[in-house]
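What Swiss-Prot says about this protein:
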type     : residues : note
MOTIF    : 49-58    : motif 'Nuclear export signal'
REGION   : 57-79    : region 'Disordered'
REGION   : 141-190  : region 'Disordered'
COMPBIAS : 144-174  : compositional bias 'Polar residues'
MOD_RES  : Ser211   : phosphoserine
MOTIF    : 212-215  : motif 'Nuclear localization signal'
MOD_RES  : Ser272   : phosphoserine
Amino acid sequence: MSKIFVNPSAIRAGLADLEMAEETIDLINRTIEDNQAHLQGVPIEVEALPEDMKKLQISDHQQGQPSGGATGQDGSEEEDFYMTESENPYIPFQSYLDAVGIQLVRKMKTGEGFLKIWSQAAEEIVSYVAINFPLPADKESAEKSTQTVGEPLKSNSASNTPNKRSKPSTSTDLKAQEASGPHGIDWAASNDEDDASVEAEIAHQIAESFSKKYKFPSRSSGIFLWNFEQLKMNLDDIVGGAKEIPGVIRMAKEGNKLPLRCILGGVALTHSKRFQVLVNSEKLGRIMQEDLNKYLAN
């Protein structure tokens, strides 16, 4: 009967590698926990956003009437931002690390080299963290960026004036709305009156891509993925928010393909506080404008 001799130095080296792997995973956990501290602490109150959809309207009113989107979301805006257990990204990441550890042990039992196994696992962990946990630039920029301050909307006094004064005020209204919109956005398309067929077309295109994830710029230099399911809204409410984006009704009435990423970004920016915390508003404004220009040109 043959005997298999194991070199004690090889066992010590393997144990040292395992300890190094455990320390690396613990370091990643602590880093992510520190970076997510601003999501677990005091709730963030967003008083006013320059990207609010009320400011993206086009002054195409003949009677200077304010848009209907300017009413009634104070109750939902005042809700405190607390992450539930299902929304906490740290919990699925912990499960992911546990699964990676199990895979490491199984591969090592088959006789594969630890360095090769760990290099592959490290690449997977780094890619997972880069996608799901974009790092903030620093604490100061994070604190300043989470509290966005927008210019207050000027009240439209022309709605209470006679019709004779409504025509001269249209040019000033256009300038005020252009100044209050997001950086780099110049809305050139207006929404026409819609009907049931338009709503059906918008709902159909959104439903087809309801679970598709789109890339959005984060407050750090990275990106994050978002889809319509994460809005946790009814399809009718999403369609209502999409109709407030200039040009969407016109494209739907003509049967053209809709800029779904632009629609998702606009609706999420208004209704999702978590999206507001993660997204880079300036870059999002440029992306939404580029998508609108691209789809309107077709």
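Positions of Cβ are set from backbone N, Cα and C atoms, glycine also.
Comparing Cβ neighbour counts within 10 Å across the modified residues Ser211, Ser272, the minimum falls on Ser211.
Counted with DSSP, the motif 'Nuclear localization signal' (212-215) comes out as 0 helix, 2 strand, 2 coil. Here the motif 'Nuclear export signal' (49-58) has a mean pLDDT of 54 out of 100. It is 17 Å from the Cα atom of Ser272 (phosphoserine) to that of Ser211 (phosphoserine). Mapped onto three states, the DSSP output places Ser211 (phosphoserine) in coil.
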